[in-house]
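Remarks on the structure that follows.
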Amino acid sequence: MDVLELIHNLLFFLLTVSTVPQIPLQGYYIFFGVACSLFTAVSIYGTFTRLINTIAEKPLIPVGPQPMSSEQLSRALRCRSKQGDQDVLPQTDQTSDALFYLSNGVAALSSLHSRSMSINPSLLHLTIPWLLISGAIIQAYVSRLQVTGGGRFGSVISSIYVVVWATWTWFRFAGNQLQLSTEADYGFTVGAIAFLVINAFLILIAAYRNLVLLFLTTLMEVVLVCFLLSTLHKLPYELEIAILALVSLICIYGTFASLINCIFSQRVLPMGPPLIKENINSEISTELPCPVASSRLSSGLLKIAGLLEEGGVCGIPTDTVYALAASCKNPQAIEKIYNIK
């Protein structure tokens, strides 16, 4: 990632922030206009630059150097821990986890509101899409990714939270526009109690994963208590805002940690150990005699390139058999191939 791409991503984040409904109306249009103008200007410059440099096959228009290499970022973020903590991530740590935390964090941030928002239709029209798209629609896609990922518990947590956020949106924000009756409130009360019981089992599942997910599911239990109190019209405003803010903070850290750990394929930022550990057979946990790297990840390719530079020999699967590869700059590595064959 060069400097131009970094600036473009930061301006896109600024543009996204400028659309949140919590911004006061006095400065909303100015903030949104400035963010749109900056993002448009950088996008046009970036498009023109990439096109010219691609046609010329050399950097005619500067885009800036790479601010930090992957190795420098890994050394800067890596915590001092035991060597065993930096091994390859287990199956439970997948790329979809970052999207799971992100969708829940955006949904919690979108739920933060002022006392006057419930009677302001314009603010409700901004809040409902943010909450429904991030908490329900995107999270439904996350649940599909987690199913295909092959985790032990699949998409149980994300699938349940799809229904939770959709119901929260319906009652807390869309309910004012739908003018729900008292009988409908009692129906949501029964649903909130059912969610409390189901989320208790989700807390048990999270205990098999990591502490960050355990904290999130525990806070979601308090969110569901707020939902129950809201159906009874006894919800303190300060309690709702405080719990939603805590959920947002946990999700921000979970998103950042999961993303960094997946990029480097090792535990750079801690997620916490599972409280309930599984009994793994010794036959499954035996170490392989040779290092194994995933060619689908950039970190795996860098690991393979480092092994070749050091004179190592790599086995590469083909359509029929495994091929042996070595660096042509190292005669000893080429000799190793003949000895192996």
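Backbone N, Cα and C atoms are what each Cβ position is placed from, and that goes for glycine too.
Sequence annotations record features per position, and here TrEMBL assigns transmembrane segment to 29-48 (among others). Outside the transmembrane segment (29-48) by six or more residues, the chain places 4-5, 7-8, 11-12, 14-15, 17-19, 23, 61, 63 with a CB less than 8 A from a CB of the stretch.
Listed by sequence, the residues of this chain that lie at least six past the ends of the transmembrane segment (153-174) yet keep a Cβ under 8 A from its Cβ atoms are 100, 104, 107, 111, 118, 124, 127-128, 131-132, 134-136, 139-140, 142-147, 180, 188, 191, 195, 198-199, 202, 205-206, 208, 213, 217, 220, 223-224, 227, 230-231. The transmembrane segment annotation in TrEMBL covers 153-174 (among others).
Per TrEMBL, transmembrane segment is recorded for 186-205 (among others).
As annotated by TrEMBL, transmembrane segment applies to 211-229 (among others).
Taken from TrEMBL, the feature transmembrane segment applies to 241-260 (among others).
For 307-341, the entry in TrEMBL reads domain 'YrdC-like'. Within its own chain, the domain 'YrdC-like' (307-341) is flanked in space by residues 290-291, 293, which lie at least six positions past its ends and keep a Cβ under 8 Å from the stretch.
Here the transmembrane segment (241-260) has Cβ contacts under 8 Å with residues 77, 93, 95, 97-98, 100-102, 104-105, 108-109, 111-112, 212-213, 215-216, 219-220, 222-223, 226, 268-271 of the same chain, all six or more residues outside its ends. Within its own chain, the transmembrane segment (186-205) has Cβ neighbours under 8 Å at 153, 156-157, 160, 163-164, 167, 171, 214, 217-218, 220-221, 224-225, 227-228, 231-232, 276, counting only residues six or more beyond its boundaries.
Confidence for the domain 'YrdC-like' (307-341), expressed as mean pLDDT, is 85.
Taking H, G and I as helix, E and B as strand and the rest as coil, DSSP gives the domain 'YrdC-like' (307-341) the counts 13 helix, 8 strand, 14 coil.
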